[in-house]
Amino acid sequence: MQRFIKWLAVITSLDLLVVLLGGALVTKTGSGQGCGKSWPLCNGEFVPSNLSMETIIELSHRLTSGSAGILVTLLCILSWKYYKHVRETKTLAILSFVFLVAQALMGAAAVVWGQMPAVLAIHFGISLISFASVILLTCLIFEIDQKFDARSLIMDKKMKFHIYGVTIYSYIVVYTGALVRHERATLACPDFPLCSKSRPMPTQLHEWVQMGHRVAAMLIFAWILYAMIIAIRHYKQQRVVYWGWIISFILVTLQAIVGILVVFTNASLAMALLHSLFISCLFAVLCYLVMIGTRSTVNAKETESTSKQTK
């Protein structure tokens, strides 16, 4: 059964990643109304008779979301049953399921009633939490923490501050990026790093949205770089922290490069999807560091309690 659960966890993680990228594809191609205002049917039909490209994209996104719902539900039930001895299992199972349902309902509401761009941006963020929760659940199932000796890890308050702070801030950056997409402000500023050569500062809403995201992205790049330097200097023996920040920096660097290329390639589809892919992976890595950080707090308390009993 454990072998089956491992395969299920991998397939579920990949399916949720496809859902995330599919949502970005729907937004990028303007396929949100590919099935009209009909849900769960498509243009009022179970199998639509008129298959335009927008309809195929929207319908494919709905199908992958539906399959993800089934897989996540099954994974949550089995992990709850067979891995309940691991402290985080129940919490992650609940988060995976609840946020998947929430993003499905928001997606349906957006189709039927329409939503403001600011609300639609939350849709991607909710999907991201469900994806990260399933990734962490998969890591627990594969016992990644044991391979990195994460169960005995103890971090200082400074490192935990950076982990929690960067993760929370990354979610804000994700929201600003999703807002850029839904406000259709991707090409509002045709130059980089300033808005344009003739007009370096933004003057209207779409330019402010775009430049706001750029500033937020630059700050998270600098913050992750700083945290990585601390990890390299002081956590070389703690492999999960050491490599966690190095991987995070690689991902945020790739994210920044692709973000710049989005501007200079006239928002090509490939660059837009890579932009969503890298931020999804980065957020999952940061969430894993958060989980390790909470374990560090527990480990520190247990060590302190043991030392007191010894005395």
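Glycine is treated like the rest: Cβ placed from N, Cα and C.
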Item to check | Shared topological domain relative to the membrane, C35 and R295, Swiss-Prot | outcome: no
Checklist outcome for this item: From the list C139, C195, Swiss-Prot names as the disulphide partner of C189 the residue C195
Checklist entry - Sequence gap of 6 or more, Cβ distance under 8 Å, 3 or more pairs: do the transmembrane segment (7-27) and the transmembrane segment (160-180) meet that? => result no
Next on the checklist: Counting only residues 6 or more past its boundaries, what in the same chain has a CB within less than 8 Å of a CB in the transmembrane segment (212-232)?
Outcome noted: 158-159, 162-163, 165-166, 169-170, 172-173, 176-177, 179-180, 189, 192-193, 241-242, 244-246, 248-249, 252-253, 255-256, 259
Checklist entry - Sequence gap of 6 or more, C-beta under 8 Å: which same-chain residues meet both conditions with respect to H275 (heme b binding site)? => result A24, G177, Q255, V258, G259, V262
Checklist entry - Around H123 (heme o binding site), how many other CB atoms lie within 10 A of its CB? => result 22
Item to check | Stretch-level contact, the transmembrane segment (160-180) and the transmembrane segment (272-292), CB cutoff 8 A, at least 3 pairs | outcome: yes
Next on the checklist: For the topological domain 'Cytoplasmic' (84-91), give me same-chain residues lying six or more residues beyond its boundaries with a C-beta closer than 8 angstroms to one of its C-beta atoms, as numbers and ranges.
Outcome noted: 136-137, 140, 291, 294-295, 298
Checklist outcome for this item: In all the protein chains shown, the tally of other Cβ atoms within 10 Å of the Cβ of H61 (heme o binding site) is 23
